[in-house]
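Okay, so here's the structure we're looking at.
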Amino acid sequence: MQGARAPKAHGQSLDAMGTLGRPWVILLTYVLTAMELSCLFLQFSIIPYLSRSLGLDSVAFGYQQTIFGVLQLLGGPLFGRFADQRGARAALTLSFMAASALYLLLAAACSPGLPGVALLFASRLPAVLMHTLPAAQMIITDLSAPEERPAALSRLGLCFGVGSIIGSLLGGTLSAAYGIQCPALVALGINLLGTVLSFTCIPANTKGASARAQAAPPGSSRASVFDLKAITRLLLQPGVLPVFLVKVVSGFPSGLFMVMFSIICMDFFQLEAAQSGYLMSFFGVLQMVIQGLVIGRLSRHFSEAALLRASVLVFMVVGLAMVLMSNIFHFCLLMPGLVFSLCALNVVTDSMLTKAVSASDTGTMLGLCASVHPLTRTLGPTLGGLLYRSFGVPIFGHVQFTVNFLVLLFLWRQPMLQKMDKVR
């Protein structure tokens, strides 16, 4: 029934877009996402070195990561609800404004005459409102038919790949050539531009009239953005909670590894900062190709349930390979499998979850999905550091294999996924 209503909703949304048609709005959304992700990876590439220059140790660096993760974890569902109620333009503009504040504080932390440590920790605070990717996912979801949704969402992987490549290279290059403050100033300028483009070019609301009427029936008062019951209600809808748990649990072991990746690169792989940047660029290229090109093609030939099982199975194989990994060459060999599993898991679960809820709740659902990664960043520095210190790198492979083996058994027993296979 959702697919039957989609063309009508799209047409009504298109009427509200003014001079920009639906394809141009989607294209601009991809561009804005790439801009924001480039700045995010630019920040990630300089934060460890800025922390070290300010005299902070690895424990204080972990506190920064935890604060950033907790704030995004708390802000994700609320931001999604704000996007559902206030529309795409307000959501994207707010996200870019928050990012601009973060990079302004980060640039100030690089100034010798200012309290750098306090400003560095203060720069984490705007993260509670920095959710450009969920806002972009909501726009793509609202403007694409259900059968086109996996391919449309997978193209955001191109944005992620471009962002990781450009951001990682720019961070290292600009800081080496012009000082560590320069990347923060460049990111500030890019996000101010994103704020202007979001406010002037993105339509106020990308949802169809039927979805808006469902979200706010005539004569009813608008629900609060902070209505936690409305947020948790989505998880209790049929078919939502099992898929959401798979999304959280299956990707958590690899998330632990990625949280500790910068430390592993320095200690285990013995890489310099520039070499780590090249490795992250390679990771970005893989993600750009696999999520932007491969996942979309596979979604046309296989059911979402089959792709979900495949991602979990490949996670298991990669976990076994991590146990035997001893150098950077081994890691490069297993990276394609790791990236495939991460991309397939995220794209497929996002698509399944947005189809399981009404069109008026897609932003809130995507906000909940966006909280999964902050959850890993919150628990990861402490748990990952403890595992790494106690057992070394192979423990991440053992955990990944064991957890995903249990997830695979769970998936095979899910009747909803079996029905999806039969329908396909």
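Our numbering is plain: 1 for the first residue shown, then up by one each step along the chain.
Positions of Cβ are set from backbone N, Cα and C atoms, glycine also.
Across the residues of the domain 'Major facilitator superfamily (MFS) profile' (22-416), the predicted structure has a mean pLDDT of 84. Feature annotation from TrEMBL assigns domain 'Major facilitator superfamily (MFS) profile' to 22-416.
Annotated transmembrane segment per TrEMBL: 24-50 (among others), in sequence order.
Taken from TrEMBL, the feature transmembrane segment applies to 62-79 (among others). Residues 47, 51, 91, 94-95, 120-121, 124-125, 127-131, 134-135, 225-226, 231, 259, 364, 367-368, 370-371, 373-382, 385 of the same chain lie 6+ residues outside the transmembrane segment (62-79) yet bring a C-beta within less than 8 angstroms of a C-beta in it.
Per TrEMBL, the feature transmembrane segment maps to 91-109 (among others). Only residues 6 or more beyond the boundaries of the transmembrane segment (91-109), in the same chain, are considered here, and those with a CB under 8 A from a CB of the stretch are 32, 36, 39, 43, 50, 54, 79, 82-83, 116-117, 119-120, 122-132, 135-136, 138-139, 181, 184-185, 187-188, 191-192, 194-195, 198-199, 202, 363.
Among the features that TrEMBL reports, transmembrane segment is placed at 115-136 (among others).
Annotation source TrEMBL lists transmembrane segment at 156-178 (among others).
Residues or ranges marked as transmembrane segment in TrEMBL: 184-202 (among others). Long-range contacts of the transmembrane segment (184-202) within the same chain, counting only residues at least 6 positions beyond its ends with a Cβ under 8 Å from a Cβ of the stretch, are 20, 25, 28-29, 32, 35-36, 38-39, 42-43, 46, 88-89, 92-93, 95-97, 99-100, 103-104, 106-107, 110, 132, 139, 170, 174.
Among the features that TrEMBL reports, transmembrane segment is placed at 239-264 (among others).
Remote same-chain partners of the transmembrane segment (276-294), defined as residues 6 or more beyond its termini with a Cβ less than 8 Å from a stretch Cβ, comprise 41, 45, 154-158, 160-165, 168-169, 171-172, 262, 265-266, 328, 332, 335-336, 339-340, 342-343, 347. Taken from TrEMBL, the feature transmembrane segment applies to 276-294 (among others).
Taken from TrEMBL, the feature transmembrane segment covers 306-322 (among others).
Long-range contacts of the transmembrane segment (395-412) within the same chain: residues 242, 246, 249-250, 252-254, 256-257, 260, 305, 308-309, 312-313, 315-316, 318-325, 384, 387-388, each at least 6 residues beyond the stretch ends and with a Cβ under 8 Å from a Cβ of the stretch. Under the heading transmembrane segment, TrEMBL lists 395-412 (among others).
For the transmembrane segment (24-50), the neighbouring stretch richest in Cβ pairs under 8 Å, chosen from 115-136, 239-264, 306-322, is 115-136.
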